[in-house]
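Below is one structure, written out as structure tokens; the observations come after it.
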Amino acid sequence: MYKLVLVRHGESEWNKENLFTGWTDVKLSDKGINEALEAGLLLKQEGYSFDIAFSSLLSRANDTLNIILRELGQSYISVKKTWRLNERHYGALQGLNKSETAAKYGEGKVLIWRRSYDVPPMSLDESEDRHPIKDPRYKYIPKRELPSTECLKDTVTRVIPYWTDEIAKEVLGGKKVIVAAHGNSLRALVKYLDNLSEEDVLKLNIPTGIPLVYELDKDLNPIKHYYLGDESKIKSAMESVASQGKLK
């Protein structure tokens, strides 16, 4: 049996302000820092250690991972970072308040943009400074691969090959792996691992900063999965994610 640990980054400053974040590089909030600390302590209490870690190219995921590894006394392990684990790109919605956007376009429309499988929001124009082609961290990525907007299907398309080619190989090689990423890149991975339908993934809410453990068989099929920590706290965190994008 293999174990894999997935962690969504702790609350970011834009999570706190209920803004669409996507590929915008924002820092953890004070609450997010504490969530990462708690995740590290939980993993330590449960006896977890890791051989290799994976993360995105965005600070909030990197910082969450660094805090966790520091709490475990494992800051020395190899960390592989890739844009393929970035959050879903929210196009022109990035930086907009989710509730205000719901008031303008309707909750139903915002829910479709946020949680449908194959409907992306409006594209971000390539001339804008906030487009990823203008960001030096992506200068080695072919421009044609950098999104102007994404739906979850697009995110799955970039995440799963990386899982197959990189992460899964380390798991099958006997390495203890942790992945610190984002709500939608992790939803993409969970959809694949659990073979979720498009309808079921729409209902999936991954809370910030709470370790999600997968136990996998020899073919990397899930035996079971579970969050670490207090069940009532986990439920509350999931409900908080689900409520985003609703009118206040």
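Easy rule for this one: first residue shown is 1, then count along the chain.
Cβ from N, Cα, C; glycine included.
What Swiss-Prot annotates here:
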{"type": "BINDING", "residues": "8-15, 21-22, R60, 87-90, K98, 114-115, 183-184", "note": "substrate binding site"}
{"type": "ACT_SITE", "residues": "H9", "note": "active site, tele-phosphohistidine intermediate"}
{"type": "ACT_SITE", "residues": "E87", "note": "active site, proton donor/acceptor"}
{"type": "SITE", "residues": "H182", "note": "site 'Transition state stabilizer'"}
Residues satisfying Cβ distance under 8 Å from the residue listed as 'active site, tele-phosphohistidine intermediate', sequence separation of at least 6: L28, G32, A36, L58, R60, A61, D63, T64, A180, A181, H182, T208, G209
Between E11 (substrate binding site) and the residue listed as 'active site, proton donor/acceptor', the C-alpha gap once rounded to whole angstrom: 14
Cα separation, E87 (active site, proton donor/acceptor) to G183 (substrate binding site) (Å, whole number): 7
G22, G183 as binding-site residues, winner by CB count within 10 A: G22
Listed binding-site residues among W14, G22, K98 whose Cα sits within 10 Å of the residue listed as 'active site, proton donor/acceptor': G22
Cβ packing number for E87 (active site, proton donor/acceptor), 10 Å threshold: 26
